[in-house]
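Database features, via TrEMBL:
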type	residues	note
BINDING	SER67, ASN117, GLU161, ASN168, TYR192, TYR244, VAL262	substrate binding site
Amino acid sequence: MKQPQAITAILQQLLEQCQPLYSQGKVADYIPALAKVAPDNAAIAVATIDGQIHTAGAADKNFSLQSVSKIFGLVMAMNRIGDDLWQRVNMEPSGQPFNSIVQVEWEKGIPRNPVINAGAILVADVLVSHYSASKSAFLTFIRRLVGEENIYADQQVYLSELEHGNRNAALAYLMKSFGNIEAEVPDVLAHYFHQCATAINCRQLATSLLFLANRGVQPHSNEQICSRRDAHRVNAILSTSGMYDQSGEFAFKVGLPAKSGVGGAIVAIVPQFGVITAWSPALNSFGNSVVGMQLISLFAEELGLSLF
Ligand code: GLN
């Protein structure tokens, strides 16, 4: 593996190399709070399980966690209800856009996997039904993983998501019509939008997910966050489904479990090594960050990180 100084230098160089891509892609505009984020922003952070953190660009600038929040919700739900979860959500790639409705109808209210919107709303239902205050439990979980208290939901993003959430509401009501949502739909949606609205930066996000690269144990606290088996399972789901209907291409080109969000973040897990996070707000047609994809692809190639 490269020396620490070499990693920082590589990140810096990749960031410069990717600058011409800032103008490609389109910032998410389904809510005003995201539409106003300037596209010429980017960051990359690499946290390693032996405690190093390397960054380049705006690695301390907050962005909206959005769909990357689906990982944290999933781990919480797996910890809370164990394998019962898999009676209510599948683990297959969807091959459809992240907010697709058709498969929920075809598959009688069972979402294809927990990291598309339908699946994450199902997971939100588990959390609402099993925690007395699921929104704050979610924030407490992330804070504990990062080891910092200053992580909050952005209220403006949260309220905007609630106001423009008709498609997610349709998904939730459709699943409820099949008997696969237990709590009241408005409560489930409130939790889901609140976790999407979490404000975090690249450095914090890379640190938070180290347990997935370390068989379920968070290295800095030595705490078992989930079982080794579940860490492997989450990584498997991220490998097949984390980049939505671009997951096949990402596995082919990069070869790492990964998750993206429409706030422009992408995380990639490198088992036994660490976590790479990249952020840049302009998205491609799949909803994945253009610069983020390129930064992670080039870094993984440079270090030969593909698992395949
Ligand atoms: N809040 C977004 C939504 O529910 C999250 C989707 C995403 O990041 N892909 O549509």
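Glycine residues also receive a Cβ, built from the backbone N, Cα and C atoms like all the rest.
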Where ligand 1 binds, which of the binding-site residues SER67, TYR192, TYR244 are close by, with Cβ under 6 Å?
SER67
Cβ neighbours within the same chain of ASN117 (substrate binding site) - under 8 Å, at least six residues apart:
SER67, PHE98, ASN99, SER100, ARG167, ASN168, LEU171
Where ASN117 (substrate binding site) sits in the secondary structure, as DSSP reduces it to three classes:
helix
Please give the greatest C-alpha separation between any two of the substrate-binding residues SER67, ASN117, GLU161, ASN168, TYR192, TYR244, VAL262, in angstrom, as a whole number.
20
Neighbourhood of TYR192 (substrate binding site) by C-beta distance under 8 A, where only residues 6 or more apart in the same chain count:
ALA120, ILE121, ALA124, ASN168
